[in-house]
Amino acid sequence: MAPRCWRWWHWSAWRRTRPPPAGSTPTFGGSDEVRDPANAKALRKKRRRVQVGVKLGKLQFLPDVDEQPPQICVVGSGPAGFYTAQHLLKHHPRAHVDIYEKQLVPFGLVRFGVAPDHPEVKNVINTFTQTARSDRCAFRGNVAVGRDVAVSELRAAYHAVVLSYGAEDHQALEIPGEELPGVFSARAFVGWYNGLPENRELAPDLSCDTAVILGQGNVALDVARILLTPPEHLEKTDITEAALGVLRQSRVKTVWIVGRRGPLQVAFTIKELREMIQLPGTRPILDPADFLGLQDRIKEVPRQRKRLTELLLRTATEKPGVEEAARQALASRTWGLRFFRSPQRVLPSPDGRRVAGVRLAVTRLEGVGEATRAAPTGDTEDLPCGLVLSSVGYKSRPIDPSVPFDPKLGVIPNMEGRVIDVPGLYCSGWVKRGPIGVIATTMADSFLTGQMLLQDLKAGLLPSGPKPGYATIEALLSSRGVRPVSFSDWEKLDAEEVSRGKGAGKPREKLLDPQEMLRLLGRRA
């Protein structure tokens, strides 16, 4: 069955119908009028208010020329926000979209989450830039919705509001010792080396020999790879110079990546695993005992999972070839996957001033398939280390008391992006479905939210009269001493970053201090 976002949708009193036969024209409510191509011109005149064009399987809405241009705002300028805006602008030729962002700079996790040695993933910024440069789109940076302006005020000013502010927090371990110096969230560590202003003072101590990462997803592998990559391999990336300086002095030689379950349940992907296996100057450590009997069990798993597990199995159990063995023999750093281990306690140093290790509960698997869970066996083991990075997931925060929020799931309750019981309010991205999936997943999800909004607009479920949009919000922000940053302002900062990076052969040297950014824009700090 095709995803709902690619189905035919019909407006107002018309009911949803099945897709038309190949070669036919879409029908409304079963009418035969449009089945005959000769009637197409007459139909366009007769039903001008419900014209629908189809392009590449998506609906293209063509409203009346005298219809009030819808004023829509999107909160958050990461992938979810930009993809939602892109869909709205593409499929409604008169819609105007304002994108609000609490940072002074756009692009969210594309800028602050994607690893610096993955520049190809950041190419999507080019697409987002084209969206932001549209004369029907405006970027409003340096505006924290929920603090500088309330969601209720946005709803009063716009025909619709889309919350796409992502997952700004991390899942806590909730174990003793988590607050010790030397324990960080992977999210904060990633923000530190990627130049997120709130994490620029993190100052992780990398003078230890061993680091432990709790969690076995792509973020965990990103962090492990950055810790173990020779610094000279990062010098031409957009990693911050401050982080690079710390990594040059790092004494970390071993990184353990710990998971509660087994090889069949890891959350990272095969691309990231291959990068770790091939990482210069390192060799992997996997216990063959963790893979006993796995060869038979992987026959029935989905293809992607099977390929990933087979690579793990080969790495753990097969003797490397001559060339690979020689490479590993010269390796000065190691990394390993520890399975069937769950963090129980962070262990302090004798003086209690920093982390000295992690106590792990040994687990076994119970249940089958998606219901498989890790259950403690009663045994424990202590893993010495001087650095602990928690990578057990991101989570969203509630943004405003007027917006429903499920604290257990960490999402805004919604139906296909429509916020439950709040007409005109929508959500997309991680705050809609939870912190899972890659950028392509977010794209499809955001397009669906945009589709639902346009459906409601056409069905008359959103306000039809004029809305002031940014004119009202601008006055409110001015009265509160808030000065938004425009996309052209960002382009000035962007040019400055590129200029600073050029001397070092880097694509850019990121600006870290918001006060410095404001000074560069001629604003009072």
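Quick reminder: no glycine exception, Cβ is built from N, Cα and C everywhere.
Feature annotation from TrEMBL assigns domain 'FAD/NAD(P)-binding' to 71-227. Residues or ranges marked as FAD binding site in TrEMBL: A80, E101, L109, V145, W430, G437, V438, I439. As annotated by TrEMBL, NADP(+) binding site applies to Q216, G217, N218, V219, R260, R261, E272, G437.
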Problem - Alpha-carbon spacing, N218 (NADP(+) binding site) to V438 (FAD binding site), which is rounded to whole Å - result: 10
Completion exercise
Around the Cβ of V219 (NADP(+) binding site), other Cβ atoms found within 10 Å total 27
Handout entry: Max CA-CA distance, Å, over listed FAD-binding residues A80, E101, L109, V145, W430, G437, V438, I439
Key = 25
Handout entry: C-alpha spacing of V219 (NADP(+) binding site) relative to E101 (FAD binding site), in angstrom
Key = 24
Problem - Spatial neighbour of G217 (NADP(+) binding site) that is closest, considering only the binding-site residues L109, V145, G437, I439 and their CA atoms - result: G437
Fill in the blank from the handout: Cβ density check for R261 (NADP(+) binding site), other Cβ within 10 Å (all protein chains) comes to 19
Completion exercise
One of the binding-site residues V219, R260, R261, E272 has its Cα closest to the Cα of G437 (FAD binding site), namely V219
Problem - Cβ contacts of A80 (FAD binding site) (under 8 Å, same chain, 6 or more positions away) - result: G108, S164, G166, S428, G429, W430, V431, K432, T442, D445, S446
Handout entry: R261 (NADP(+) binding site) and V438 (FAD binding site), Cα-Cα, nearest whole angstrom
Key = 22
Handout entry: Among Q216, N218 [binding-site residues], residue with fewest other Cβ within 10 Å
Key = N218
Completion exercise
Same chain, |i - j| six or more, Cβ under 8 Å of L109 (FAD binding site); the result in sequence order is G78, P79, G166
